Amino acid sequence: MTTTATNPVPARSRPLVDGAAAASRVLAKLRHDPAGIALTLAAPVMLVLVFGYIFGSAIAVPGSGDYREFLVPGLFVTIAFNLIPAMIAMARDSGRGVVDRFRSMPISRVAVPFGQAAATALYGLGCLLLMAACGLLVGWRIRTGIGPALGALGLLVAFQFAATWIGMFLGLVIRNEEAAGQLSVLVLPVGMLSNVFVPTAGMPAWLRTIADWNPVSAVTAAVRELCGNPTAPTNGAWPLEHPVLASLLWTALLLAVFVPLCTARYARPRD
Amino acid sequence: MTVAVVAEGLVRAYGPVRALDGLDLVVPRGSVCAVLGPNGAGKTTAIRVLATLTVPDAGRATVLGHDVVRDAALVRGSIGLAGQHAAVDDDLTGRENLEILGRMHHLGRREARRRAGELLDRFDLADAGDRLVKTWSGGMRRRLDLIASVVVAPPVLFLDEPTTGLDPRSRTEIWTTVRELVGAGTTVLLTTQYLEEADRLADDIVIIDGGKAVATGSPDVLKNSIGVRVDVLVETSGELAAAAAALAAYTGGDPEVDAAGLRISAPVVGTAVSVPGVVRTLDAAGVAVLDAGIRRPTLDEVFLHLVRPRHEEAAA
């Protein structure tokens, strides 16, 4: 049978081309949604203003630090951990048959989620930079140097990349845009159960253990340390005593778990 | 006959439900095959198996000689798929949708752009091409979805209920598009629950029910398979009973009576009939006939004949 003659598509896979196309799909959608971008950017700005000035007037940070300088690194991490857009986008693609179409095409099945995660991380980087500018306006400062600050940024981008994979995996499991939207309410407390807004020292012991071992706490502590911002007591918890190493380990662990889970789920023939 | 798609004894169960229960079908290359069946007959599952999205529990299927399980990557290089929902991105323009798919098919940026423009022009969507798809009508979206499946002109195209839920005009437009594609030599396997659609588009029809084929053939063969029918129109409702009895005796079939329309329709079973014969028979029964005719059954009647009895059996 002369299948090769009638088959215009080379069977070999070209992951980079596929990934780039998938990434440009995500970025093209963003370009058409300036209102969505404005909203995504406005949320962290609001957080800085609301928490910085309302909580900041009442909460004292141990060690005579400024609350807003304590808070801003935590808000960076809250934004980096925002896996909701990735979850909703993947749930929508999955529910509407876009994923099925891609899966019926001769393209690399790993490259498509990778491209989407990369594009999401790129967008996240833009959000982080804008938020850093807002932080500088309300009194947050980098007290170390450009090297550690870039280290903090790298850590945040890596953490966000990992969180995106969690979001995409959840979206593939849920496969329904509305349900994913409703589930996003449950993601919020994960950010609250940490040292982002208040030091964990005052929490009940069981809650403190959870908060101390929350990856969000480790990354927050790492960013504070790298930028020379006020830090909270570590309560002797290992991740808070070695926040940079703990953040790297957490990021690696999340990627090691969710990249294979997500790609397998994306690629596997299902119902 | 060169064969494009073959399925042999496909079985796929979801828990206790056997969506496919030994489905066989053969689609010759360059032809249009319509898989016709009621809701839940297994149409979508059949398409999903053939498009490598679902692995069958038993049986085998090939597309252009490639096994859909073992050589899934080769199958994917030969097919286009348009599913039941318009799987296009609402948040992108029509042009961007096609361009991105072209790039995923490794056409290269420039060629993908050229191809997108060409398709939009050819299928009369150029005017809307640069608007976001969410502003398009349902019919336009489905057409875009159909076009999106032929960005690289695959030799085999699977369409899962391409016109379900569309208004008659949009449906006609989809049909025109499908015919153009077939004119270019593409093999099309489409599922539908509309008999008219199968009648208009298909060279061959496979009627499936309960996950397997219950009849296969061209629309003509299927219509002839259950014989011709005799239709009569009587003057008053008082004559219906007598007319039905006389027709039953004459045709050997069980007549259907439409009391409001004063019409009776009876299938002809194992006998020869003629219009004068019908008139004489009814005249002898004392019935005044306004109109009488012999016709082939519609595809609807073939479908109901083949599909309904099974459900009545199941219900009994």
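Backbone N, Cα and C define each Cβ position, glycine as well.
Note: TrEMBL annotation is automatic and uncurated.
Listed in TrEMBL for this protein:
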type	residues	note
TRANSMEM	A:35-58	transmembrane segment
DOMAIN	A:35-269	domain 'ABC transmembrane type-2'
TRANSMEM	A:70-89	transmembrane segment
TRANSMEM	A:110-138	transmembrane segment
TRANSMEM	A:150-174	transmembrane segment
TRANSMEM	A:186-207	transmembrane segment
TRANSMEM	A:248-267	transmembrane segment
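With a cut-off of 8 Å between Cβ atoms, the residues of this chain six or more beyond the transmembrane segment (A:150-174) that come close are 73, 76-77, 79-94, 99, 113, 116-118, 120-121, 124-125, 128, 180, 183, 215, 219, 222-223, 226-227, 244, 247-248, 250-251, 254-255, 258-259, 261-262, 265-266.
For the transmembrane segment (A:35-58), the residues of the chain that approach it from at least six positions outside its boundaries are 66-68, 71-72, 75, 78-79, 85, 127, 130-131, 134-135, 138-139, 197, judged by C-beta separation under 8 angstroms. With a cut-off of 8 Å between Cβ atoms, the residues of this chain six or more beyond the transmembrane segment (A:186-207) that come close are 51, 55, 59, 61-62, 71, 74-75, 77-78, 81-84, 87, 214, 216-217, 220-221, 232-233, 235, 240. Long-range contacts of the transmembrane segment (A:248-267) within the same chain: residues 99, 103, 109-110, 112-113, 155, 158-159, 161-163, 165-166, 168-169, 172-173, 215, 218-219, 239, each at least 6 residues beyond the stretch ends and with a Cβ under 8 Å from a Cβ of the stretch.
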